[in-house]
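As recorded in TrEMBL:
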TRANSMEM  18-41  transmembrane segment
TRANSMEM  57-77  transmembrane segment
TRANSMEM  98-120  transmembrane segment
TRANSMEM  140-160  transmembrane segment
DOMAIN    414-545  domain 'Fungal lipase-type'
Amino acid sequence: MPAIVAFGRKWLVGSDDFVFPALIDLTVKVCWLIGALIVFLKNDPDFGCPDGDHFKIYLYGLLAMLLVLILTDALVVKNSMMGGILDEEARVRVVPFIYIRCFFELLDIFWNILGTAWAYGDPFMLGCPEEPEALSFMKRFTVCNWISILIMLLFFVALYDPLGYDTSVVSEKCDGKSVISETAYQYEQTGLPHTERALYWTARLKKLTCFCCSPSKDDSVLGAFEEAGRILSHMFKDSNYVTTDVFAGLLALYVRTINEEAARKEAIRKRNSITNADGPVTCICRNNVLYPITTQPLKPHQESPEVLASKHEIVLLDHYLRFIHGCYGWKAFLVKNFKKQGFSRLWNSIQCFSCFRASDGIMIKGDNCCLCSTAALRQTARVDQKDIVYISFSNGYFEPPFYVAADHSTKSLVVAVRGTLTTRDMLTNFTAWPSPLEIPGLPLHFKAHHGMMITARNIKAKLEKDNVLAKLRDKYPEYRLVLLGQSSGGAVATLLGMMLYYEYPSLHVYCYSPPGSVLNKDAAEFSKSFVTSVTYGDDVVARLSIPAVSRFKTKLALTIQSCQTPKYRLILGYRFLLSKKKTPKFEYFDQVPEIHEVDEENNESCFKDHISIRITPPSENRSHYEHNPFYTPMFIPGKILHITQRESWLEAPESGPRWQLRWADKKEFQDIIISPRMIADHWYHRMEKGLHEFVIANCRESFNALHHNNNASHSQVTERND
C-alpha cells in the first residue's frame, strides 16, 4: 500500500509491511519469555542471594514486558496481514498499534537500562555466587536486548523519508481503495515544482558516485548531476508506493507474463496445426499493442532467409566481440579467466616498471606501472602490441575507457568503448534527456541520449587532440573504421560514428546489448545504413527509456490495483523463482486479471480516469507534450539482430541448435519485459556463446576464411615491420 503516515510524516513503509518484521520480533520475544520462565521456575522465587530482590523485580518486570510486547506484535501481524495491497481500510488499526508498540518499546529500553545497571554495576550482585544461572541469564538477556534495540533503531533510520512532509503526492479514496492522485503534468507546466525533491535525488547521485572525492567538479558535471536529479524526480514524483509494493507488483506481473506466455504457446500450436505455416512468429498484436516474443515457438530448425543472407555480418559480430572484452581491464580478465590460467597468462604479458621506461610508440593513459590492463587487452583481443595505437583506461565523468587498434584480418581500424562498470558511468546513463545531435550535415530534428552524446564528444576530442585516426588512415589507407561498444559503450560508439560519418563514409558500428534510449525514430532509421546492434533474450537495458519506464509504471500500478492477494503471500511466492523446476507452482498467487480487465465493476471510473490522466495529456496542451523530451520515443540504433534460446532445445536438446537469430524491429523493444533472466541476459557472455555457436554451425566457411586472413595478415605485417 502507499506509505503510511505516522508521527506527522510519511515513512518508506506500508501498513502491510509489518508482517515479517513483527513475526520475527514475536518469535524472538517468545524465546526470551520461555528462557525467563525456565530461570524463574528453576530458582527459588525469593532468590537466596543477599540482594535477590533485584533479581525478582527484574524478572517480574521482564515477564510482564515480554507478554505485552508479544501481544502487541501479534496484533500488528494480524492486522498487517489483512486485505490486498491497496486495501487500506482493512489495515486502519495498524498505525495505532504501532504507536502502542513504540510506547512499550520505550519502557523496554528503560527496563533494559535498569537491568544492565543491576547486572553489571551492582557490586552486591557481582559478588553473589548463590544464583549464577539467574545472573548469567540477566547479563546475556540485556546484551541481546541491546542488539535488538539497535537493529530496530537502524530500521527506523532506513525507513525515514527526508521528503516525508511533501504533500505533492497524496492518497485519495475511491470505493474503499487507494489510488495515486497528482496534478496532471505539473512538472512540465511549471518547470520544476519539486525543487527540493530534485535536489534530494541530485544529492543521492553525488553520494552514489563519490562525487565529493572527485577532482573533476566543473560546471558541466555539476549540471549533469542536476539534470539527472530532475529526471529521477520526474520519474518518481507520481509514485506513492513503497519498495515492497513494487517488489510484490513485479512478482504479480511476472505471474501474468507466464500466463500470457502459456496462452501464446497454445495459440501458436493451434495456429500451426491449422495453417501449417513456416517460420517463427516474432510478435503478437493485442488491443492495438505490439507485444514482443522473446522465445521462439516449438518449430523445427529453420533459419530465416534474412539471417542466412547475413552470414558475413554475423561472423564479424562474433569476431569483433573479443575486442570489447579488452576494455574492461585486468580485474575483469582475471574474473572471466579464473579457471583458464588467467593469472599466469596475465603474468607472462605484464611489463613491470613500464612507467620508468621509454614508450613503445603506444599512447597509454590510466594504466598502472606494470600495464596490467594493457596486458589483459592483448590477451582478450588477441592483437599484437605494435597494432595497438592508443589506450585510455582513465574513467571519469563522461570519460569511459576506450582504445584504438588495427585489425589486419578484417582490414579495419577498431575503436572499442567500454560500457557501464563503475558508479561514475551511472551518471552518463541517468543523464537521459534527449538532446539535438547538432552534427553538421545531419537534420536538426535528430535527437540522442544527452549523457552519451557528451561522452562521444569527449572521446572524439581526445582522438583529434592526439591526431590518432588521421595517422592511422595515412598508415593504412585501405582500412575502414569500425566502432565497437557494449551496453552504454555501444550507444557512445553509435553517436561517435554519426559524428565521423561524413569524414569516414565507409565506417561501421557494432553495438552489443545497447540501451533502448539512444536515438529518436528518425535518427534510428538513418543509422540503419552503418550500425548493427545485437541483443539477447529479455535484456532489460535494451528496453529502457524514459517513456518505457513511464509505461511500465502504469502497467505495474494496474497490476497492483487488480491483484487482491495480500502482499505477504506474494512475497512468499518468491520462492518459485529460486526453484529449479521447469513448471513452478503458484499456490501463493491469486489470478491476476489482464490490464484492460482491471476492477471494471467497482473501481472503473475512478481508477481509469486517474490512469488516463497519466497516459494522455490534456488536449489543450497536446502540442506542448509532443515536443517534450520526457515523451520522446527513443530506440535502439541501427539494424537489430535478436538472439534467443529455442524452446524446442530446452525440451529436447537433440532436436536441433540451441540458438535462434532473427532481424527484429526496433518497436519490439519499447516495453519492459519481466522475467527472471531480464538482467542476466544483458551480460555479454550468453550473447557471445550464442553468436559463436551459431557461426560454427552455419557460417563455417566465412569463419575459416576470416581466421585464414588473420594468420596471413599477421605474417605480412611482420614482414613489413622487419
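Here the Cβ of each residue, glycine as well, is placed from N, Cα and C on the backbone.
The predicted model assigns the domain 'Fungal lipase-type' (414-545) a mean pLDDT of 91. Non-local neighbours of the transmembrane segment (57-77) in the same chain are 18-19, 22-23, 25-26, 29-30, 32-33, 36-37, 39-40, 93-94, 97-98, 100-101, 104-105, 107-108, 111, 114-115, 118, 134, 138, 141; each lies 6+ residues outside the stretch with a CB under 8 Å from one of its CB atoms.
When the domain 'Fungal lipase-type' (414-545) is classified with DSSP, helix, strand and coil residues number 56 helix, 30 strand, 46 coil.
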